[in-house]
Every structure is written in C-alpha cells, then in structure tokens.
C-alpha cells in the first residue's frame, strides 16, 4: 500500500501512542522498583526515583530464598529445554522425512492434543504422579518434555523440515547413510534456526509456567521463581517497592533472552501461524 | 517400505508414547473419575453414574452456572477485543513506516513477560488508591474505577490486563498481511479506489485464514484463563471473577472433590470442542483460501 503523506503521519502518531501504552507498564515497574516506600506513595505520582533505592533488590531477593527459587527454575528450564529439543526434533523427523503407512493420520491425531484444554487432564495427571510417589518433586514438571516435547514444537519443526529438499536425503542414502545419520548430520544441523525457536519457546514456557508448579510443588524449597513471586505477593501485600523489585528480577531474564533471539522468535511465530 | 515403518515408529515413539501417557490416558481416567464421587479426604469412593452431571446442571451448584456465565462474558468481551486491536495494530505496522522494527519489538515484548509478574505490574497500575491509572484519570477529571476490586469492573479489568500480551497475535496477523500480493492493491488503485476499498476488498478477504486461526486460538485460550484469576483476584470480589478453570482448580485441589472436578473438566472440554466446531463450520462461508483448497 502506498499511503498518502497525511495518513502516514496519522499512522505514525497512532503507533507512537500505542507503543507508549505498551511501554508504560515496564517503565512503571522499573521506576517503582527503585523507589522508597514514601516516594512510591506520593500523590500525584512521580516518575523519577529520588534517590535510586538499589537496596530494594537486595532486600526483596533475600526476605524469601529467591536464590533457591532461581536454582529450581534453572534446573527445570534447562532439563526441559534439552528434552524438548531432542524429542521434538526426532519426532518431527519421523513425521516428515520418513515415509510410513499411517504417518499423517497419527500426526493428525497427535495434533488434536493442541486443542485439548490442559484443565481436562490435570486431575488424573496429578493423581498419577502422586501414585508414583513423585508429588512434591520436580519430576512432573520435567519428565513430559522427554516424551515428544509438546506437539506444538513437533508441528513447528515439521513445518520447517518440509521445506528442506528431499534430494538431500536421497543423496545421503546413496552414500550409505541411515536415518539416524541423516537426522544427526543433515537435518538437525540444517534446521538450526528452527531448533533455536523451539529452544526459546521452551525456555519461556517453563520459566513462566505457573499452574504446573502450583499443582505439583508443596515445599518452599522446591518452589520456582513464578511461585515464589506469588508467595511474596501474598506475604508482603503493600510492599510495592519490594514487590516490583522482585517482579523486575523475574522479568529481566525473559527480556534478555527475547532481545538476544528476537529474529528467531518472529520467525517462529510466523512459521506456526501461517499454515495453521 | 518395511524399514520405513520401523524407523518411522522408532523416531516418533517418544511423541506417540507421550500422547498416550500424558493426554489419552488422563482423558480416559478423567472421564472415569467424573462418574465417581472420589474425594481425597473421604475413604469411600464409588461409582455414582451421572450424579455429578445432574448436580451440575440441576442448578444445585449455583457456582457452576455462575462461573460459566462469567467465563462466557470474559470470552465475549476478550475475543473481539483481541482480534480487532491486534488486527488494527498489524495494519499500522504493515505500512512501511520508519522504525517499524522498533514498534514491533515494543508491542511484542509484553507477551513474553511471565504471567505472575504481569499480574503484579497490573495490580499495581490498577490499584484503586495509589495506582497510576486512577491518578491519571483523576488528573484528567475523568471518573476513576475500582478496577479489579469492583464487582462490575473486575472482568473488563482482567480483559484489559490480558490485552497487554497480544503481541504474538499481532505478529501472526502481520505475517498474513505481508503475504498479500502488491498487484491486488494496484488493481484497486487503477480503479480509483481508496484505502477503505483496499481494506474491505483485498486486505480483509485475504487475511481471513489468519483471522480464523487467531480467533480459534484466542477462544480456546480465553476459556482456559487461570493464572489471572488465581493471582489477580482469587475469584473475587464476591465470586464475580470466578473463572471456570479457577473454579475447577478450587473444587479439585482445594476442596479435594476430584470426581466432581473431573465432571467440570469434561464439560469445559465439550464447550471448547463445540465452539471450535462452530467456527470451523462457519469458516467455509467467510474464510478465503487462495487456490480453493487449504494447504
């Protein structure tokens, strides 16, 4: 579309206004996390902390054992990421680069689980883990990632694998390679960018997960950051300075990971959204 | 192709097993549980047939209809808001304005913020006495609101907080928009049509598949809202934000009535299936696929 000068200016103004609305919550978060309580409660509100109360962060992160929450979150995030990348890329390979009878039917059946509300399965899943004596451990949050890593990720990788020319496999076959070698030496390396997308999505999903830890964890010593932050809010209700400092700390790694991998994120969303 | 069959199943085994263990199995178990009076705190569990469903629909459980109504209200409010606003933003981003990449980043960024942190930020922004939004409103001499603490404002407020995270919907729309061939617009220009004609005759028809996809995903997501209910409101005030999945969680995990909660779960499943089906059925009349068939 070739818009006129006037409409371009109007659109520009609208975009700036909208962006401001999306940014203000972040600004408010940071500004509040650096203020002392008396300044935070002044009316009308001020935007610049005076003085910058950096000690909020130290205080917020030590009243509850956030180092333990961080360690637990890291264990979950890393192990889930490894499991997701391995099993979803293997699965996507099986669903796209190998011909077998019933393949597409099986894939379609598996895809239905994307429509399934998680709420339908939480009670039996909870009972199952409890029966195995694994309630209040990190296993229920980790193990499922090693079984396919989520159909969404398989779907995403399969979309990508389908764009790699078949001739590559044929040539490798002629050279005496087997499926496993084609996967490890050809398809996996070629799909680096899609793998990064899956890894990034997996990181965010497990870093942000709230319902899973809420249901499966009971002991504080196993809590994740998301759960710890919620507990913090329940305990220090009106301490908005500390609450914002703790929240900012939980948000920061996500922002860093996003900005570092932004290109892949946008690519990934486009890849999954296009041929739904 | 015997070998293909063996390796095909070998490579997909983790996914197939995962589906059986973590989806199909629990679903069947959930159906069985829904026919029992299983309660963690009680010793005796027996089959009660359809009693749970009778209790739900007979009106004996007021909260069931209440939570259903609240959730419908939320869906009806949120789905059009998400689709219209994110489509509007995508249209703006699709113009080749300077700094487009920066705008795109800014709009996408909130959608990666963890739900708990996002909830904290919004609770603070919407705080009736000390929050930024009310203080801005009162400075502009506009009426303020109790937001999450008001019985009638709580659901619209939750919708508002979730609108912060529409970035991925915007990006999907943007991908759909960028796929529209330029010639189509040029054809309209030749005919002397303006931007509205372009929008109604080219842009909207061409992105109907994307609208369709986003609508389905937004409906499914909106029915399942839980984090917001748990963190922002705990279902309050006075059960006015008793979202369905929150009620399900409360019944199953706080009150330990897992049989009854499984019945609730199945009803949710059927509702979502029903709405997805409706959107699919009607899609034939309004979704336009280039070349006729769907890829």
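Cβ coordinates come from backbone N, Cα and C, glycine included.
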Using TrEMBL as the reference, determine which range in B:130-153, B:154-177 is annotated transmembrane segment.
B:154-177
Counting CB pairs under 8 Å, which listed stretch among B:105-125, B:154-177, B:206-226, B:258-280 touches the transmembrane segment (B:70-93) the most?
B:154-177
Using a threshold of three or more Cβ pairs below 8 Å, and leaving out pairs closer than 6 in sequence, do the transmembrane segment (B:7-33) and the transmembrane segment (B:258-280) count as in contact?
yes
Looking only at residues six or more beyond either end of the transmembrane segment (B:105-125), which have a C-beta under 8 A from one in the stretch?
89, 93, 131-133, 148, 160-161, 164-168, 170-171, 227-228, 231-232
